[in-house]
Amino acid sequence: MLLNWTVMILYNYFSAMFVGPGYVPLGWTPEKSQDCMYLQYCKVCQSYKAPRSHHCRKCNRCVMKMDHHCPWINNCCGYQNHASFTLFLLLAPLGCIHASFIFVMTMYTQLYNRISFGWSSVKIDMSAAKRDPRPIIPFGLSAFAASLFALGLALGTTIAVGMLFIIQMKVILTNKTSIESWIEEKAKDRIQYYQTGETFIFPYDTGSKWKNFKQVFTWSGIPEGDGLDWPVRDGCHQYSLTIEQLKQKADKRIRSVRYRAVEDYSGVCCPVTKGVKTFFTTPCTEEPRIALSKGDLILATRGLKHWMYGEKILDSAADGGIRERGWFPRKCVEKCQYDSETDQPVDGEKKNR
């Protein structure tokens, strides 16, 4: 049974790794040219981003129904390998639970025959078991230490990977991805901030958990659809989600604040020269850091107490310029002083948007 767990775990692990998530074809455009206005254009792939697709910086491609980029499989989790990845997250804890049971019973039975109880002390003799016949596999101090270490790994994997499985099942049963759940949260924030009165309905949730489940898990192992066109619930537009993404992108430009670099920053993850607090509060994320030179302009979109995230403007043009995104220390920049009201929208303009 333990070998069976191992085979199934490795099969789904390597399937998720080598099958891949499926990529949007290079140069892809929708069938109707007028639908391009509802989509974002990817300059790297030289194509429009299909609904539910996102560009991955690590894979350098637009991924169909992208959930996240997983460093453990060195690939993205998306349309084609979502089922294999989720089955791996299920089978790995089950196999570890089985292994933990074996480790616990082994240590219990071996230690039970080596314990001697006295009037004032308890002694454990690890040299040999007090029974005949002697065990086929010797169980000494090194074997006990190895078993205890393996038990810790098995229990840790069960908890960590099991939590990831629960998270994945929550998004699958609502026919979402982790990115789409974040988009939905930002949609609620945008509507509440501007008081537009609109209601955002996630278009791909069929309303039935079983139907949502079957869109990922099929008997053939091949997910439903082609990864480009998706069925939507009644009352929703085919491009409802992409339209919301365009609104959030425009809102992001409005809320961004321009900063100017006053110190050089090499782009290292944990800079030693920028202060102890900056060093120890570096963002725990795979998002990149951007190197700064004194005088660089950055459009900051979000930030922490000692770090900020934004886009560095490399071109002289403020709109349409080439930008690099990433984190940088807050102490390396200062807020620009605007010369005109058109440089930054006022609160009234934001509220009336």
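Heads up, the Cβ atoms here are built off N, Cα and C, so glycines get one too.
Long-range contacts of the transmembrane segment (6-24) within the same chain: residues 45, 47, 49-50, 53, 59, 61-67, 70, 73-82, 84-85, 87-88, 91-92, 95, 227-228, each at least 6 residues beyond the stretch ends and with a Cβ under 8 Å from a Cβ of the stretch. Sequence annotations record features per position, and here TrEMBL assigns transmembrane segment to 6-24 (among others).
Annotated transmembrane segment per TrEMBL: 87-108 (among others), in sequence order.
TrEMBL lists 136-167 (among others) with the feature transmembrane segment.
In the predicted structure, the domain 'SH3' (254-338) carries a mean pLDDT of 84. Taken from TrEMBL, the feature domain 'SH3' applies to 254-338.
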Close approaches to the transmembrane segment (136-167) from elsewhere in its chain (Cβ under 8 angstroms; 6 or more beyond its ends): 86, 89-90, 92-93, 96-97, 99-100, 103-104, 106-107, 110-111, 126-127, 129, 178
Tally of DSSP helical, extended and coil residues in the domain 'SH3' (254-338): 10 helix, 32 strand, 43 coil
